[in-house]
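According to Swiss-Prot, the active site, proton acceptor annotation covers HIS469. Annotated glutathione binding site per Swiss-Prot: SER31, ARG38, TYR121, ARG347, LYS422, in sequence order, evidence recorded as similarity to another entry. According to Swiss-Prot, the feature FAD binding site maps to SER31, GLY32, GLU51, THR58, CYS59, LYS67, ALA137, ASP331, THR339, HIS469. The NADP(+) binding site annotation in Swiss-Prot covers ILE206, GLU209, ARG226, GLY291, GLU337, VAL372. Under the heading disulfide bond, Swiss-Prot lists CYS59-CYS64, citing similarity to another entry as support.
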Amino acid sequence: MLRCREVYNICKGAMSNEVKHYDYLVIGGGSGGVASSRRAASYGAKTVLIEGKALGGTCVNVGCVPKKVMWYASDLAHRLLHARDYGLLQEVDISKEKLHFNWKEFAGKRNAYVERLNGIYERNLAKEGVEYVHGWARFNSEGQVEVTRPDQTTEKYTADHILIATGGEPVLPEGIPGAEYGVDSDGFFRLEEQPKKVVISGSGYIATEFAGVFNGLGTETHIVIRKDHVLTKFDPSIQEIVTEHYEKEGVNIHKKESIQRVEKDPNTGKLTVHLSGKIIEDVDQLVWAIGRKSLLGIAPENVGVKLGETGHVVVDEYQNTSTKGIYALGDVVGNMELTPVAIAAGRKLANRLFGPEQMRAQKQDYDNVPSVVFSHPEAGSIGLTEPQAIERYGKENIKIYQTKFTAMYYAMLEDKSPTKYKLICAGPEEKVVGLHIVGDGSAEILQGFGVAIKMGATKADFDSCVAIHPTSAEEIVTLK
C-alpha cells in the first residue's frame, strides 16, 4: 500500500506535466516585476509571478534598502562627533577612535527588516490576486516557461504576455590572480564582522557609497580607482567635491591604479593587494564594486529574444523585445538601473497591455530622471551634465549658475562638510537642463526640484520662487 506522502509525490509529479496558461507571466520578483504584475492584476488580468530568490530583488535584499540603513548608521556616527560642538554630551569623551559599532548586532536588525519587507511584498501580491510561484524559470525549446521548484519538481507555463524582469548581478574581474579572495557588492551584506581594513575596487556609486559607510564606521578604508575622481559618470562638480572630501575625511584613494593580484596569508587570512605601483598589506576584506551585468539564466535564445553586445536584453521604447509578446525592463535591459525607473516602466507596461484604451500608448520617459548617491555628503543629479549640455547645445548656448558654501549646520563645528549647487541652463529662455547638488540633505532636496525640471522650468521660474530661510536649498532659487 502506498503511503499518503508517496501518493502526494506521484500526483505532484503528474501535475507538473500540465501546462498552465495566464494572461500575464512575470519572470522576476524585483521592484519592476512586482509593480507590473500587481498593476496587471488590478485590471483583472490572470497574472503569475515567478521568483527563485527572496522577493524584492536587488533593491530590497542587497541594494538600496540595506545600503541606506548602513548609510544611516555611518551618518549618525558622523553626527555623534558633532555633539560636543553643539553643547551636548560634554562629559563624554567622544572621538572616532572610541566609537564602537556593533556590526554583527546591527546586521541582524538590518536583515530582520529586509525579511519583513519580503513578507510585505508577498502579501501585496496576494492582495492584488497575483499568483506567486517560488522557483527558477527558463524558456524551454518549445517556447514555454519551465519552472524548477526548490524540491526539483518542474512546472510548465505559457502566457499571452511575458515580462522578463530578472534584474542584474555584480561583475567580478577576470584574469586577476587571487580575485576570488574578495567579495562582490552583494557579498558586502553577508559580512559577519566589520573589517578593520578594507580595499574597495571601483569608482561608481556603489563603491563610493561603501567607502563612505566603512570610513564613517571606523574602518581603515582604501578605494582603488582608474582615474582621478570617483563618480565619473556624474557631473565634474560632484566628482571633484566628493573625491576631495573623502580624502579630507581619511579615505585612502589610490588614483590611476588597478589591482594586479591578491595574495592571502594561510595563517592569518589577511590579504595583500598588489596595485600597479604599490602594495596594500594586512587587508581584512576586499570588495569588488566594478559594475553589474544582466541576470539571464533563463535561456532567452530559445524564444529568439535578442541581446545586445553587453548582454542586456534589447528593447524598444515600449519595452518590447525582438519576440512578439515578450517584454523586458529594469536592470536586465541596462538602461537606467534605478528602482523607481523599473517600477514606473513596469506599471506603464501593464497599463498599455491591460489598462483602459486611453493608456494603450503609455511608455516610460527616460529623460530627466533624478538620481542620488548616498555618499558623505550626499550627491544628487538630474538632467544633463555640463559636458553633455555643451555637446547637445554648444558651449555658447548654455549658462552655468553655481555656488559653493558651508551649510549653516557647520557654523558651530570645526569639522566642515562642503555644499555645492550647479544649475545648467540652455537657450535664450534659460531652460533648466541640469541640476547637480552636493551636500547634506541632497537626496530630499532633489525630489522637489526634479518635478520642476521635468515640467520644463526655466531659470526665471526658479527665481520667482520665494526662498525658504534659513536653508541650504534656498541657494538654488537665488543663484546669480
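Cβ from N, Cα, C; glycine included.
In this entry, glutathione is bound by SER31, ARG38, TYR121, ARG347, LYS422, whose most widely separated C-alpha atoms sit 39 angstrom apart.
Annotation: SER31 carries the greatest number of neighbouring Cβ atoms among the binding-site residues SER31, THR339 [cut-off 10 Å, Cβ to Cβ].
Other Cβ atoms within 10 Å of the Cβ of GLY291 (NADP(+) binding site), summed over all protein chains shown, number 16.
Secondary structure at CYS59 (FAD binding site), taken from DSSP and collapsed to helix, strand or coil, is helix. Among the binding-site residues ARG38, ARG226, the residue whose Cβ has the fewest other Cβ atoms within 10 Å is ARG226. Residues within less than 8 Å, Cβ to Cβ, of GLU51 (FAD binding site) and separated from it by at least 6 positions along the same chain comprise GLY28, GLY29, GLY33, TYR132, VAL133, HIS134, GLY135. Taking Cα separation as the measure, ALA137 (FAD binding site) is nearest to SER31 of the recorded positions SER31, ARG226, ARG347, LYS422, HIS469. The most densely surrounded of the binding-site residues ILE206, VAL372 is ILE206 (count of other Cβ atoms within 10 A of its Cβ). Here GLY291 (NADP(+) binding site) is positioned 27 angstrom away from TYR121 (glutathione binding site), judged by their C-alpha atoms.
Of all the Cβ atoms in the protein chains shown, 24 others lie within 10 Å of the Cβ of LYS422 (glutathione binding site). For the binding-site residues shown (GLU209, GLU337), fewest C-beta neighbours within 10 angstroms: GLU337. Cβ neighbour count within 10 Å across all protein chains ranks ARG347 highest among the recorded positions ARG347, HIS469. For the recorded positions shown (CYS59, CYS64, ALA137), fewest C-beta neighbours within 10 angstroms: CYS64. The binding residues for NADP(+) are recorded as ILE206, GLU209, ARG226, GLY291, GLU337, VAL372; their greatest pairwise CA distance is 22 Å.
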